[in-house]
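Remarks on the structure that follows.
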């Protein structure tokens, strides 16, 4: 009697299984992320609110300086800077720290059998907690200067969800690639610095002259930031912004999961 051949799981099945196990282990990665924040600010009276204070000072300084240089009214310009900078801090930190997710968790990966994506989700969750602290700045600015149209405000949540989904798949991809190529985290940090200046964070696309509109038009990061900022400014995000955000999330997650399924067994050897 011949035995039936054992079928190996496909790359997609491996990735989806790891993702499902990570989802079920939400207590683990949320606890690890929270403990890392507590450890980072141990014995500090203000804790993570030190980041809120420093970000608030930066928002006020950049708002006044760049608003004056660009001839913008503070009441209209400061909310742009506050929301853009807080959103960018979440994105850049998730990607930068995501690049080191597997490297920094080498001891856990070698010693415990845990889903690989736990360590990426830990990074994203930790930065979402910090984002919640920094959101106090946005709340204060909006209370001071008001929202022009409250009808757009409910779109903030789906916009933020797409923003975080895009940051997460990038963190998944660069975390895996950085475990193999150790120079990549430095390259990513440098690229994010450049991206900060060419992405509409300290400005809006309509502030640029017509000849410079291509900087925003061909920059997907600008559309992602708009999904978070525009609803809080009382503006409905464009259909193009939703299309770019949703399309990038679908394609990016498919690619990141394919990478995870293909190479996740090699991570312990790479680190």
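Yeah, the Cβs are placed from backbone N, Cα and C, and that goes for glycine too.
The domain 'ABC-2 type transporter transmembrane' annotation in TrEMBL covers 29-230.
What TrEMBL records for 48-70 (among others) is transmembrane segment.
Sequence annotations record features per position, and here TrEMBL assigns transmembrane segment to 76-103 (among others).
The transmembrane segment annotation in TrEMBL covers 124-147 (among others).
TrEMBL lists 153-177 (among others) with the feature transmembrane segment.
Annotation comment: TrEMBL describes 184-203 (among others) as transmembrane segment.
Look at TrEMBL and you will find 239-259 (among others) tagged as transmembrane segment.
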Inset, instruction - Look over the recorded stretches 48-70, 124-147, 184-203, 239-259 and say which has the most C-beta pairs under 8 A to the transmembrane segment (76-103). - result: 124-147
Inset, instruction - Mind checking which residues of the chain, 6+ beyond the ends of the transmembrane segment (184-203), have their Cβ under 8 Å from one of its Cβ atoms? - result: 62, 66, 70, 80-81, 84-85, 87-88, 92, 95-96, 99-100, 103, 174, 177-178, 215-216, 219, 221-222, 225-226
Inset, instruction - Six or more residues out from either end of the transmembrane segment (239-259), which same-chain residues have a Cβ under 8 Å from its Cβ atoms? - result: 11-12, 15-16, 19, 159, 162-163, 165-166, 169-170, 172-173, 176-177, 220, 223-224, 226-227, 230
